[in-house]
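Enquirer: From Swiss-Prot, for reference:
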REGION    1-94  region 'Disordered'
CARBOHYD  23  N-linked glycosylation site
COMPBIAS  28-49  compositional bias 'Basic and acidic residues'
COMPBIAS  50-63  compositional bias 'Low complexity'
CARBOHYD  74  N-linked glycosylation site
TRANSMEM  127-147  transmembrane segment
ACT_SITE  310  active site
TRANSMEM  795-815  transmembrane segment
TRANSMEM  843-863  transmembrane segment
CARBOHYD  865  N-linked glycosylation site
CARBOHYD  873  N-linked glycosylation site
TRANSMEM  893-913  transmembrane segment
TRANSMEM  918-938  transmembrane segment
TRANSMEM  965-985  transmembrane segment
CARBOHYD  1011  N-linked glycosylation site
TRANSMEM  1015-1035  transmembrane segment
TRANSMEM  1052-1072  transmembrane segment
TRANSMEM  1084-1104  transmembrane segment
């Protein structure tokens, strides 16, 4: 028998109607409109001061005036404690129970106290408040601006020329499972260039190429082909090179079946283990006369040269820490676009730990005081970065400044390398023609087959690499001319007018105008002269080496005292310019050709430092620069015009004061960003001027440089302005030819990158060098301004990984707000409503706290790091290489705005992501409704009775078996990421079912359960990207028929809480409210999750899964406490509830 109140006979709408017996049309729009008539009538009677009607209605109501029992999400009746207290914030007729639950209390039915019954408002999950909408639009707008800037502004020009080759590969089948357990998965090949290499015998120096993440063994072909052609066409005909120990290179390459090493640490270790055995096998080939064709007088090779691309460079460094590493088998490593400083992504715990082990080993090795204690003393490491065009791995991560001292390695950008002068993307660095030529020639230059290591000593190797990869203008550049022997005997007439007056500039607009060989002698100022003199020379003509017969040669000469009957046969080259005069002077001269610096040609017709396929080849400028102390032992600089016919070409040479050509602008970064910086080069200026701006260090900012036009007073310009921007460390230079405007960006101090072994001085910053025509007697005005729109694009590469962490910061705060409201009012509000509430208080307070935290750590950092700069060998055991790992990866107060900026972007992303999830669940719900079959002969009433149940709880045994099988698979065969993906799919289906019930049978309980499952689904989706990479690696291993069980990620505890929680939600159980202090546990867990995601999430993203897993563990426990909070409630997780489920209303 039904129980009715005098005010209304409608039952509580908060109690869900049972799905199996639900009448979906009962709550249709039509019925809800008709049920509104009694309320309207009551209101009308009340306004007319007439007694209300006491007639009893059989229709359902929104409120049951006495509700001794409440129902959960599946309709199960839950007994509630009887003690009650009135809630001050509850509406009339609502009371708060002892455990914090809102209930209705019985109201005395008198004509004066009759209150019309109203249905609780339906809270649509699609609804969004104006403030949340504005925040989402601002966030998405800023994200679009960042993406648009990254593809349209501050872009480096693409200048790679195409390369060609004729490759062939010989598989070394004898390297099988007898040598390594991984031989069934990986393969070793020997590269051979067709038409050049006649067989597969090894006869040269072994070089091992290691492909990168998902790379192919065939990527070795551009560099290997260039090496084969260069030796065949040039080196084998160079007797001096052959005598110096140069031989051809035998390139070995490894087929890793395109393994994904960036996402899986164990794969990285497996490759390193395999390669160590491969190196041992490769070295053994040179001992086997059947496959080796070498001079028996040469020593057997004991080491290989390693060339690594991308993650292959990390694998190369990992080889040296593996137990099966053969000592001294690797002493030269060249890497291209390899992320040495930190992992490209931090989704895998083993990857992060492997990186830490590798980097700690290298730092510890180079921190040893004595060479005998350093296992890496003979190892050189050169890291080559592609620059701004590399959008796969941030080039900031290629830095090795925090790993090796400059005596053993360095980082250089391709835009710095002479005759390359262009940025490259992640793949182009392998096939770029001008770059591969430099790499091949540099390797040949360090080869010496007369040594067992097959390479020159470490110091000589470093000297060679600096010569090939650096500009030659760095402070560490070594000048070769002062250390060489005199090679040229120059004889000049004493009465010649070829001596330039001291202090004057030599300017030649054309060569060979005298019709004979002519020498211009420039006196060298004495060492220690005031002004710190330096000599500079610029020409568009190639400088001759001793014995060559070109157009121009530069010599440093000393007067030879006249002695009777002295022999001059010791000079390989002699030039007599005395014309038979009796009064002549002989000079012993050294050639400056070894120290020539190549600069990109800058004329009125050039646009880029490089030329492309099909374009006319551009001859670079030749530049010399010496401090007076470097050439103080000589008396003259001789500029010799060797051509006797008029030839186009210019020469500008001068001695200038260092103080006139160098200046430092001490301007704060804030002032520069606000007002810009202006300076001018005076009319009477040196040919080369340099301006250093110490405040320009951040890689997050971009600038625009503008140079005014110079007036040459009618004379033709010798050359157009040439600008070089450069950093001292890492070695990054960019050239701008025919410069009028230039876009300036750099790879300096970058987020999340460890500090260098030797702390950077405050004076280190971006520098600009200007080569301008000094014959143009007009000043040049230069302006440097910040490019704010261009700077937005720099955030993309540096902060794209924040989307693995900061959205969880937002989601955790929203979930926390939803639970707090639910425990207080009994309403589990939708996700967007929770987001709106968080935007009003929680998120701003949290962002303010995080900003203050970053500011405080930035203030304390300098004092704690002061000891970094005083270390005996360049590093320190107390140096904190992880202090940039937190929050936004930088302690610069200028970038504190990035914290709220990233948060507002994540608010927009979370909003869009939420709507995408809503769309997905609704579409799946519609599809599920369409596939539901209802025969046409079934009437409407019967069709309502046949509505399928939303939640059928399987038997406890079946649920336990399913869970046990899944966990058993995790323990033995599949990674736990697979189980997590299954859990996400199950949760999606649960959310779809909850959405169908909530939309068809609108009630508070159904709405609560749907909003709860939807929010849990959103949380799991944001955790999913952290788990997907490992799952992809596992699928890839299956695809390559590698059936060995996955050797990592089998911890069932890492996924069991999620499985239990998702299984519980499939039964339709709503999480119970907690009115005691235990509700603060959920709040603290979600608060801690939000803080952890913001502070540590970017660097340790893999830990976010564990944090969310612990939250799922707690929620599963709360689910087990449906009746009371006790451990006995745990049995409810897998107990059948069909017996206690009510099919309709209680009689």
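Cβ coordinates are placed from backbone N, Cα and C, and glycine is handled just like the others.
How buried are the listed features, and what sits near them?
Expert: Under DSSP, residue 310 (active site) is assigned to coil, being neither helix nor strand in the three-state scheme.
Same-chain residues lying 6+ beyond the ends of the transmembrane segment (965-985) with a Cβ under 8 Å from its Cβ atoms: 1017, 1020-1021, 1023-1024, 1027-1028, 1030-1031, 1034, 1045-1046, 1048-1052, 1054-1056, 1058-1059, 1062, 1105.
Spatially close to residue 1011 (N-linked glycosylation site) yet at least six residues away along the chain are 123, 125, 818, 828, 829, 830, 831, judged by Cβ distances under 8 angstroms.
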Enquirer: With CB pairs under 8 Å as the measure, which of the listed stretches 127-147, 795-815, 893-913, 1084-1104 comes out on top against the transmembrane segment (1015-1035)?
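Expert: Out of the listed stretches, 795-815 contacts the transmembrane segment (1015-1035) most.
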Enquirer: Among 795-815, 893-913, 1084-1104, point out the range having the most Cβ pairs under 8 angstroms from the transmembrane segment (127-147).
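Expert: It is 893-913 that shares the most Cβ pairs under 8 Å with the transmembrane segment (127-147).
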Enquirer: Using Cβ atoms only, state whether the transmembrane segment (893-913) and the transmembrane segment (795-815) have three or more pairs under 8 Å that are 6 or more apart in sequence.
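Expert: Contact between the transmembrane segment (893-913) and the transmembrane segment (795-815): present.
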Enquirer: Looking at Cβ-Cβ distances, which residues of the chain lie under 8 angstroms from residue 310 (active site) while being 6 or more apart from it?
Expert: 211, 212, 213, 215, 262, 336, 337, 338, 339, 392, 393, 426
